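**Student:** Please find one structure pasted underneath; my questions will follow.
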Amino acid sequence: MKFFYLIFSAIFFLADPALVKCSEDCENIFHDNAYLLKLDCEAGRVDPVEYDDISDEEIYEITVDVGVSSEDQEKVAKIIRECIAQVSTQDCTKFSEIYDCYMKKKICNYYPENM
């Protein structure tokens, strides 16, 4: 579940796609995973507080698994840590807020085109 939490992490991107170099596939994956986590949370299957203490090792494993280049892994890890830390909500809206943060920080710029 933590994999989806991090990968989803960018849900309601409203900016003009021409202004941001994020891959549409990446945005869609983040959006869909955030939406599914929100539904699972509302159904009681996911606890949003569970993800507050994700370790650097878990972040590294996830970035490697999805194909983030070695030179971008620390940048992506920093975005993930910052977004999780800045969200104060402890309810199911947390997933949407983290997604918004990821999109603002253009996390998809660091993911491969063929996610």
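Positions of Cβ are set from backbone N, Cα and C atoms, glycine also.
Residues or ranges marked as disulfide bond by Swiss-Prot: Cys26-Cys108, Cys41-Cys92, Cys83-Cys101. Per Swiss-Prot, signal peptide is recorded for 1-22, and the stated evidence type is experimental evidence.
Can you tell me where each of these features sits in the structure?
**Tutor:** Following the DSSP three-state reduction, the secondary structure of Cys26 (disulfide bond) is helix. Cys26 (disulfide bond) counts 24 other C-beta atoms within 10 Å of its own C-beta, drawing on all protein chains shown.
Every protein chain shown contributes to the tally, and the Cβ of Cys92 (disulfide bond) ends up with 18 other Cβ atoms within 10 Å.
Neighbour count (other Cβ atoms within 10 Å of the Cβ, all protein chains): 21 for Cys101 (disulfide bond).
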**Student:** Among all the protein chains here, how many other CB atoms are within 10 A of the CB of Cys41 (disulfide bond)?
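**Tutor:** Step by step: centre on the Cβ of Cys41 (disulfide bond), count other Cβ atoms within 10 Å, giving 18.
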**Student:** In whole Å, note down how far the CA of Cys108 (disulfide bond) lies from the CA of Cys92 (disulfide bond).
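**Tutor:** Counting only the Cα atoms, the answer is 23 Å.
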**Student:** For Cys101 (disulfide bond), identify the closest of the disulfide-bonded residues Cys26, Cys41, Cys108, judging by Cα separation.
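**Tutor:** Going through Cys26, Cys41, Cys108 one by one, the closest to Cys101 (disulfide bond) is Cys108.
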